[in-house]
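Participant: Got a structure for you, written out below as structure tokens; questions coming shortly.
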Amino acid sequence: MPVWLTHFTTTYLMWNEGPMIWGSDVLILLTMLGIVVTLTRLRRWKWLWREWLTTVDHKKIGIMYLLAALIMMFRGGVDALLLRTQLAVPGNHFLSAEHYDQIFTTHGTIMILFMAMPFIFALFNIVVPLQIGARDVAFPYLNAISFWLFFFGAMLFNISFVFGGSPDAGWVSYPPLSELGFDFGPGENYYLLALQISGIGSIATGINFLVTIFKMRAPGMKLMRMPLFSWSVVAASVVIIFAFPALAIALALLTLDRVAGTHFFTILHGGDPMMFVNLFWVWGHPEVYIVILPAFGVYSEVVATFARKRVFGYSSMVLSLMLISVISYFVWAHHFFTMGAGAGVNTFFAIASMLVAIPTGVKVFNWLFTMFRGRIRLTLPMLWTIAFVPCFTIGGATGVMLAAAPADYQYHNSYFLIAHFHQVLIGGVVFGMLAGMYYWWPKVFGFMLDVRLGKIAFWLFNIGFYVCFMPQYALGFMGMQRRMYTYPTDMGWGTLNFISTIGAYIMGLGFLFIVIQVLYSIKHGERDLTGDPWDARTLEWSLPSPAPHYNFAVIPTVTERDMWWELKERKETDRLKLKSDMITPIHMPKNSGRPFLMGVSFFIAGFGLVFEWIPIAVLGLIGILLSLLFRAFEYGDEHTIPADEIRETEAALGRL
Amino acid sequence: MAFIEYALHGRVANEEKPLEYQDPEQSIKILGFWIFLATDMLLFGCLFATYLVLRTHTDGGLTAKQLFDVPGFATETFLLLTSSFTGGLATLAMRNRNKSAVLAWIAVTVLLGLGFLGFEVSEFAANVARGATMQRSAFLSAFYTLVGTHGLHVSIGIGWMIVTWIQIARKGITRVTARKLFVVNLYWHFLDVVWVFIFTVVYLSGVVM
């Protein structure tokens, strides 16, 4: 092999690092080949471009987010299993220390930013316009840009594994460790740029959905008649808008330190690493509320539907959502009580952190009271919701323990903390997102997911969860620290770690069953011909499944909360029935390939900056600029659906 | 006529409102842009916070007092504040449906913006010639990044103004171009407000304290 080729394969492809990289390379190549061959054989390239890559339809964008979130959950989950395998027994060297660092970094980053975020955005997109009686979001074109920025940000982050090396300074990426002096590979740059790109998309999504909900609700749908999921999207969007700029700055300044040689967070020349830590958590703590609030929204919808009762304490539910989003800004320093901010500061943040438990407690009690004396149906969404209650309550209680600043000096960065935040993020967010996925699946795809396989997945995942994380609380008390690569036998941590690893594998099996369930149901799942398979309460269930691409042929006028349920109770569903002469032409936004190309340009620019290959970065920036310019000169980005076509569609759906 | 108009349920064009707000689709974009400005403000807020933390971390290099050139930043302030006024005049002319006045005032605004940028670039160049590079100290890193981010915003604003100028020249004053002009002016005024803070927090306090 010529020298330059050897250099290339060693430096960039890391072929000298052994079988794990080779295996990944082969798998990626096979997957790509599989996709290309399948698309070509089925002649689906045009279909892919027309129906998906250029779409601005919120429902399709939602599906793409969902798919991406599940794939990223797989990637993050494989990372988790590798970590747990390494920790299963004392003195283990299954992974090298460097790989271990990289894998816990990618596990955390992917699960928060490339799994939880797209998962909530999937539900935002799928549900909100249907629930508030709109035909799309306020800015459909921007919505597509948001998706592609997320997608290409995630791609950029993921290719680091096989091209140049993954980031390895933890998902929080604290300097000075993440500065050039200690971490000179391209991995950290990948982290900074991938998060920056997807973060821009997230800010745009926050703006988009806030405007959508404020301006595009069906007539008569006053704010206090709005379904609670949409309320939770308001709360989450507000937090996104106020929190993400801080992340953008934290990342940008660290990028400048690494690329331009500035001294924001270095130890030399007066830099202050604590500034990064503050900026990061000013975003970071609100971020976990961004992902939990929509999950709270899902639980509210699911509980009311499957207890067949109006949700208990609607106004207090709204108020507590908003309170949580406000308090989320005053708790960030609890992530570093031990860094010496002083007793006064710690007291403030300790009390603020404990305060979060109050509105959250209100919500938990409201869900329980909604179930109380309800006619509960144990469907899959309801199972996940019921499982959430004890899980999140334990996680919340250990959170209050951690919020007690003096006690935190004992638990800080121990496995107690690991167990706590996995319990709230899995028990809260993942359970919630899965509940939401099961709940709205028939609305999106028009068929139900198989219940038997779903129940197996549910039990495996839940049992696995407790087996995995309960021992970690104990390990924390026994002194085991997070991010520990391996440990000696005489610490006595071996047994609990082994149990924990078994639990992780059971969870992995649970995930596998979800995948099997989806694949099985595509073929054998029961079709939903009613549009309302759960006998549910809100407007989206008054539409056929899947909804036509203009959603509502005629926008309904809303007269009360849980409108669809009330109409069914009073046998007045005819009020929403279409009449031929009510239908007028509808204007819808046109598809556009530009958001996708803009995502590609961001990817190229980001990739160039990662390796500081300036010509490539400039090429990407030119692409971004051109797509902005073409958009500025674009007039008439909408098309009209004639009334007759709508009549035909609705008649075919049996609604006219 | 837009899908949003239907989504907004027959709230058809309202002639009593200012031109840029008459079409619901355009009016909703203005709201979206206000919220974007909130995020941009927070972006600058974080940069200001960083600057205030690192302001005294000069590491033996030039301090704010030694560095800042009063006539220079006073001129920059004068140019930018005036450009914000002329931008406002463009909006006023737009509401009076006076196309040529709109085009003229945008052109003046762009020229004043370019003047501002020219002074800023020469200020930075002079600083660097004195050894005050952004790699020299944490204070300088924060200074160049904060003021430079504002300068970058101004540059984008200038490009955006030119693009808007071309569209108004071609299409005249319509509900769509009126909204475009209004939004780019919002952006421009916002940058003016940010500059007022840079002027006081960075330059004035730097010279005085």
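Glycine is treated like the rest: Cβ placed from N, Cα and C.
TrEMBL annotations: computationally assigned, not manually curated.
These numbers come from a predicted model, not from an experiment.
So TrEMBL says this about it:
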| type | residues | note |
| --- | --- | --- |
| DOMAIN | A:41-559 | domain 'Cytochrome oxidase subunit I profile' |
| TRANSMEM | A:20-42 | transmembrane segment |
| TRANSMEM | A:63-83 | transmembrane segment |
| TRANSMEM | A:103-128 | transmembrane segment |
| TRANSMEM | A:140-163 | transmembrane segment |
| TRANSMEM | A:228-256 | transmembrane segment |
| TRANSMEM | A:276-299 | transmembrane segment |
| TRANSMEM | A:311-332 | transmembrane segment |
| TRANSMEM | A:344-369 | transmembrane segment |
| TRANSMEM | A:381-405 | transmembrane segment |
| TRANSMEM | A:417-441 | transmembrane segment |
| TRANSMEM | A:495-520 | transmembrane segment |
| TRANSMEM | A:596-629 | transmembrane segment |
Participant: Determine which residues of the chain contact the transmembrane segment (A:276-299) at the Cβ level, with the cut-off under 8 Å and only residues 6 or more beyond its ends counted.
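Facilitator: Residues 112, 116-117, 119-120, 123-124, 172-175, 228-233, 235-236, 239-240, 242-244, 246-247, 249-250, 253-254, 264-265, 321, 324-325, 328-329, 331-336, 339, 363, 367, 381, 385, 388, 421, 424-425, 428-429, 431-433, 435-436, 439 contact the transmembrane segment (A:276-299) from elsewhere in the chain.
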Participant: Checking distant contacts: for the transmembrane segment (A:344-369), what same-chain residues at least six beyond its ends satisfy Cβ-Cβ under 8 A?
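Facilitator: Answer is 296, 299-300, 303, 311-313, 316-317, 319-321, 323-324, 327-328, 330-334, 337, 385, 389, 392-393, 396, 399-400, 403-405, 408.
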Participant: Would the transmembrane segment (A:311-332) and the transmembrane segment (A:228-256) count as touching if the test is at least 3 Cβ pairs under 8 Å, pairs 6 or more apart?
Facilitator: yes
Participant: Where else in the chain does the transmembrane segment (A:495-520) make close Cβ contacts, counting only residues six or more beyond its ends and a cut-off under 8 Å?
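Facilitator: For the transmembrane segment (A:495-520), the nonlocal Cβ contacts are 70, 73-74, 77, 80-81, 84-85, 87-90, 434, 449-450, 453-454, 456-469, 471-472, 474-475, 478, 480, 487.
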Participant: Can you work out which residues elsewhere in the same chain, 6+ from the ends of the transmembrane segment (A:417-441), have a Cβ less than 8 Å from its Cβ atoms?
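Facilitator: Counting only partners 6 or more residues beyond its ends, the transmembrane segment (A:417-441) has Cβ contacts under 8 Å with 66, 69, 111-112, 116, 119-120, 122-123, 126-127, 288, 291-292, 294-296, 298-299, 301-302, 305, 379-382, 384-385, 387-388, 391-392, 394-396, 398-399, 401-402, 411, 447-449, 454, 465, 468-470, 472-473, 476, 482, 514, 534, 540.
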